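Working notes, structure below.
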Amino acid sequence: MKMPLKKMFTSTSPRNSSSLDSDHDAYYSKQNPDNFPVKEQEIYNIDLEENNVSSRSSTSTSPSARDDSFAVPDGKDENTRLRKDLKARHISMIAIGGSLGTGLLIGTGTALLTGGPVAMLIAYAFVGLLVFYTMACLGEMASYIPLDGFTSYASRYVDPALGFAIGYTYLFKYFILPPNQLTAAALVIQYWISRDRVNPGVWITIFLVVIVAINVVGVKFFGEFEFWLSSFKVMVMLGLILLLFIIMLGGGPNHDRLGFRYWRDPGAFKEYSTAITGGKGKFVSFVAVFVYSLFSYTGIELTGIVCSEAENPRKSVPKAIKLTVYRIIVFYLCTVFLLGMCVAYNDPRLLSTKGKSMSAAASPFVVAIQNSGIEVLPHIFNACVLVFVFSACNSDLYVSSRNLYALAIDGKAPKIFAKTSRWGVPYNALILSVLFCGLAYMNVSSGSAKIFNYFVNVVSMFGILSWITILIVYIYFDKACRAQGIDKSKFAYVAPGQRYGAYFALFFCILIALIKNFTVFLGHKFDYKTFITGYIGLPVYIISWAGYKLIYKTKVIKSTDVDLYTFKEIYDREEEEGRMKDQEKEERLKSNGKNMEWFYEKFLGNIF
């Protein structure tokens, strides 16, 4: 059984990681020195003599000889290499754009309906704190040595089996998200054009063709397109926050000053049901809200996927991490705080949206707008929802293809998915991801909104499992740095709290993963569909990890044996070159005066 499986992939099976040599064998066994073309040396401007890279065809098993084959980042030849065309502004906007979608615009309505305003605010704030620590840990690793996705970090710093598990768990998540977003887009359009007039499959096809075209032409165009699309989303969110603030103060047409009225009546917390009341009922509702807060934040960790295509990642990744954290505070916490003040959890309009489609009619923002007496904005808002869904689907398809590519590069998926086009697009991985988008046609039915909620459950679990893995990998990475005496003060970015913050976030991420759907046990009838969709990610993750470990007999890499140096010199040099370019840019900005470029760098660059 082993041989056919091994032949499918680019690498032979990893061996036990009991030394630095065996760790290199385990993680880089797929890298054949003869596969690297000489022109790779020119592309990365590497002085082979200076870096002691003298023989790529050496058959020596010593670390130095084997390291010679790793002079080119990622060990990829011209046909399996991504293009480093993403700037810091692209990375941060792709990350925030991938998470600003239906989860925030529409999912907040279900969260408010489930737990009440304060329960929703606390849940979003707490999950936001976990996201902050997770992003910080990811940022430290990604800015030290950027690798291709989570699977590469897990395989290199912990265990190849963990890399396999998170790689496929994350892949399944992003096989599900694009078709689900396409379904949501078709449902949004039904706000204007009913399914009786135009079959939703028509809209799905149109959106799919456009999104595939954007992903095919290369990451530079994709990054620029997504930057402007996400910038529009940022502007919309800022506008909505301002509008909610005005409505709360009584600035709407009805001039009704709301203040904290709905926190008092009907209350800050909602009881779960008539059977579970009082403090117990409110606590149950509070815990139930975590499902929706998780879904709203999912995708914000995309920085770890796109950093391998980043220009000067040691500068761009930390900046993207910091900007993402600021946006969490503004977009998520300000939004849910103001929503809880403008809409009561027992509002008739909000109650009437329960179980409805993902159009503007199901959004708490529209409820707040309509309650204030504004008539025309719901149609404009629905158009904004459509843009949000389109952008999220665009990012999701990108991540799906890049994650499959990373698995292939790491030797954990068929090598055919590692091939890239002349624009640096992993076209075979993209084709398979597009094929899964066909699931969207199955979702277009009268019960599609219910199916969407089931997918929310699945994606939420896959999302938090990816956060758990990032935190585990960081803990091992930090332990290896301390064991090998690496001074973190010289890092481009260091996570606040470091391992203590990681342990804190890991504990609560695991706790939330275990209890997030416990409400299925509280009703009179066991909701097996919600239970299965809510927890199916756990057995998938565990079976993937255990199966790979049993087949390939891998072991957790010792802290003293973890490879913390391969590719480091290349990124050190790239960082130095980037610093020189930044100095030239600063001098140019000073000489040119305060023009638009200066204005963007100093002000707009901190927003977009």
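Numbering starts at 1 and runs along the chain as displayed.
Using N, Cα and C of the backbone, Cβ positions are placed for all residues, glycine too.
For the residues Ser22, Ser29, Ser316, Ser352, the entry in Swiss-Prot flags phosphoserine at a single position: Ser22.
Between Lys76, Lys585, Lys590, Swiss-Prot assigns ubiquitin cross-link to Lys76; no such entry appears for the others, which is not proof they lack it. Identical topological domain names are assigned in Swiss-Prot to Ile145 and Pro318, which places both on one side of the membrane. Counted over residue pairs separated by six or more positions, the transmembrane segment (202-222) shares at least 3 Cβ pairs under 8 angstroms with the transmembrane segment (424-444), which defines the two as touching.
Taking pairs at least six residues apart, the transmembrane segment (531-551) and the transmembrane segment (323-343) share fewer than three Cβ pairs below 8 Å and do not count as touching. Looking at which of 157-177, 232-252, 286-306, 502-522 has the most CB pairs under 8 Å to the transmembrane segment (120-142), the answer is the stretch 286-306. Under 8 Å from some Cβ of the transmembrane segment (286-306) lie the Cβ atoms of residues 86, 90-92, 94-96, 98-99, 101, 103-104, 107-108, 110-111, 114-115, 119-120, 122-124, 126-128, 131, 134-135, 138-139, 142, 149-150, 153, 173, 177, 269, 272, 317, 320-321, 324, 328, 332, 392, 395-396, 399, 402-403, 406, 456-457, 459-460, 463-464, 466-467, 470, 512, 515-519, 534, all in the same chain and six or more residues away from its ends. Ranked by the number of CB pairs under 8 Å to the transmembrane segment (455-475), the listed stretches 323-343, 373-393, 424-444, 502-522 are led by 502-522. Taking DSSP states H, G and I as helix and E and B as strand, the topological domain 'Extracellular' (178-201) has 14 helix, 0 strand, 10 coil.
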